[in-house]
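> To start, I am sharing the structure in question, which I have written as structure tokens.
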Amino acid sequence: MKCTKCGKPASVKLRHYNIKLCKEHFNEFIEQRVEKAIKKFKMFGRNSKILIAVSGGKDSVSLWHMLKKLGYEVDALFIRAGKSGMVQKAQEIVEKNAELLNTKLHIVDATEYFGGLSTQEISIMLRRPVCSICGVVRRYLMNKFAYENGYDVVVTGHNLNDEASVLLGNILHWQEGYLERQWPLLPKTHEKLVPKAKPLVLNYEEDIKLYATLNEIPHLEMACPFSVGATSLVYKKILRELEEEQPGITLNFYLGFLKRKKEPKFEVEGLRECKECGYPTTAEVCSFCRLRKQVEKRKNKTPA
């Protein structure tokens with residue numbers, strides 16, 4: 001098997017692009033697709049103050065390495081939402097990558113906002129899915145940190161499979177509001193909302209995994225145990241099966257949506273500032289502050 005670009009022995013075969021590549025040209029190919037996404041969707045510039053949210057997983061840490069390699073100045077943020085051994089391992093991996101990249105790493109402990117409780121403990125207390133609580137907490141703290149520290153954009157490791165599965169779910173349920181706003185870049189719609197960008201949207205998840213492996217990038221091998229049973233995994237499975245039969249269909253599906261889409265509508269009706277914390281919300285009190293109140297109320301009811 002020879003590299004399509006140079007004729008040297010190939011390291012990988014990418015069925016969805018019908019090409020075979022050596023390690024050097026594979027890296028170049030993946031990195032160029034990241035650069036293409038950044039420029040095509042006007043995510044940020046060379047002088048932007050960029051904050052990447054890292055979890056320790058293959059996507060965020062690989063993107064971290066790519067952005068540094070492409071010449072962008074990037075600081076990283078790790079939100080510690082639990083106390084488990086996996087969370088500790090994730091933090092160690094993130095710290096190792098920060099050392100390798102000589103990059104500033106910020107760590108925010110989410111449990112400090114909930115009297116020391118992890119998202120898992122809050123989930124049990126309130127009888128709500130962990131993913132729901134974790135999402136609320138991470139989105140809020142990510143934006144809060146970025147805004148208060150003057151960052152121009154927050155970057156996340158969402159890949160093509162992530163975005164295509166969300167798109168499929170939104171179409172199947174006719175979530176018109178979400179379909180209107182789904183885009184690789186969410187611009188600023190309020191002074192206290194920092195833009196969010198997804199530079200990996202043109203890259204398949206399996207290619208990011210290959211990139212991390214070939215380049216020996218430290219990352220968590222296992223997925224979050226609480227994601228088991230998530231609806232998004234059902235949509236990903238459907239797309240994987242389609243991809244087996246028709247290589248490239250996931251990319252065509254997502255790009256077709258972006259190409260045919262009219263100007264995205266990012267404005268959110270009724271956006272105002274939370275009366276508790278002052279951050280944007282569509283309700284009187286934002287979901288993060290409501291969550292804090294619910295936890296505080298439940299803790300006060302629990303006998304010592």
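Heads up, the Cβ atoms here are built off N, Cα and C, so glycines get one too.
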> Can you tell which of I30, I79, I107 Swiss-Prot lists as binding ATP with A53, R138, G157?
I79
> When you rank C3, A53, C134, C224 by Cα distance to C286 (Zn(2+) 2 binding site), which of the binding-site residues ends up on top as the closest?
C134
> For the recorded ATP site, enumerate neighbouring residues of the same chain (Cβ within 8 Å of the Cβ centroid of A53, I79, R138, G157, site residues themselves excluded), in sequence order.
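Near the ATP site, beyond A53, I79, R138, G157, sit V54, S55, S60, L77, F78, M142, T156.
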> What does DSSP call R138 (ATP binding site) in the simple three-state scheme?
helix
> Please give me the CB contact count at 10 A for A53 (ATP binding site), counting all chains in the structure.
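Counting Cβ neighbours of A53 (ATP binding site) within 10 Å gives 22.
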> I need the nearest neighbour of A53 (ATP binding site) among the binding-site residues C3, C131, C134, using C-alpha distances.
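If we rank C3, C131, C134 by Cα distance to A53 (ATP binding site), first place goes to C134.
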